[in-house]
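Notes for the one structure printed next.
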Amino acid sequence: MEEFDSEDFSTSDEDEDYVPSGGEYSEDDVNELVKEDEVDGEEQAEKTKGKRRKAQSIPARKRKQSGLLLDEEEDGEEDSGGSSREEDEEEQEGGLGSETSRKKKEDELWASFLNDVGTKSKAASSSQVKVAEETEETSSSKPLVKADELEKPKESEKVKITKVFDFAGEEVRVTKEVDATSKEAKSFLKQTEKEKPQALVTSAATPPPAGSGIKRTSGMSSLLGKIGAKKQKMSTLEKSKLDWESFKEEEGIGEELAIHNRGKEGYIERKAFLERVDHRQFEIERDLRLSKMKP
C-alpha cells in the first residue's frame, strides 16, 4: 500500500496532460490543436474587425443620405414657399376684387331703395313736422291755462264767510276764513248768488201811496223777504263752541292749548286715539263678515 501511494504522488506532474478518455495524444496532435485554436482566434478577430468597419461605414452612408434628403427638402420648401406666396397674392387680389364688387352692389341697392322711398319719406317727414308743430302749440297753450288756473286761487287763497244763525230769537253772526276751493266757500257763493235777485225784486217792489194792486205787491214782497231771510237755528252746543273759539282768539291761547292737548296727558288726543282704534276694529270686523258672505 505504501508503494502504491508513493507512485501515485510521483505521477502528479503528469496529470496536467491527462485525458479521461484513456488514450494518450502525441506532440503532433497537440500542435494541431494549438493551430486550430489560433485559427479560430484569428477568425473571431477578423469578424470583430469586419463588424467595426461595417458600423463605421453605416453612419457615413446615413450622413450622405441625410444630406441629400435635406437638400431635396430645402429645394421642395423653396418651391412650396414660392407657390404659397403666389397663392396668397392671388387670394388677396381676389378678396379686394370681391370687396369692391360688394361695395358697388350695396351702393346700387341703397340708391334704388332711396329712389323707391324718396317720395314717401318726404310726405311722411312733412306730416311729422305738422304733427310736431301742433303738439308744440297744444303743449304751449296747456301750461298757460294751468298757470291761469293756479294763479286764481293764489290771489284768493282764503275767503271770509259770514253766516247768520238764530239762537233764542237773537241773530248770531259767524265769520270764518276758508279756502276758496273748499265746499263751504262754494256753497256760500251759491247762496249769495241766489239772494241777489231776491233783493233786486224786493227793492223794485217799493209801495207807492195808493192802490189795491200795490198792496198786493207789497204783501208778496214781504213774503218773499221772509222766505229769503229765513235763518238757520243754532243749538246750545254750537253756541258754546262758538263762544269758546271766540274767547281763544281774543286771549290768544289757541297755540298753547294745542301744544298741551298734543302731550301725553291731553284728553282730546286720547279721545281721538280711541276713536281711531274703534274705527279700525270696525273695519276689520266688516271685512271678515264680507269675506264670509262671499260664496
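Any Cβ shown, glycine's included, is placed from N, Cα and C.
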- Item | phosphoserine per Swiss-Prot (candidates: Ser84, Ser98) | Ser84
- Note on the structure: If one consults Swiss-Prot for phosphoserine across Ser80, Ser101, the residue flagged is Ser80
- From Ser12, Ser83, pick the one Swiss-Prot annotates as phosphoserine? Ser83
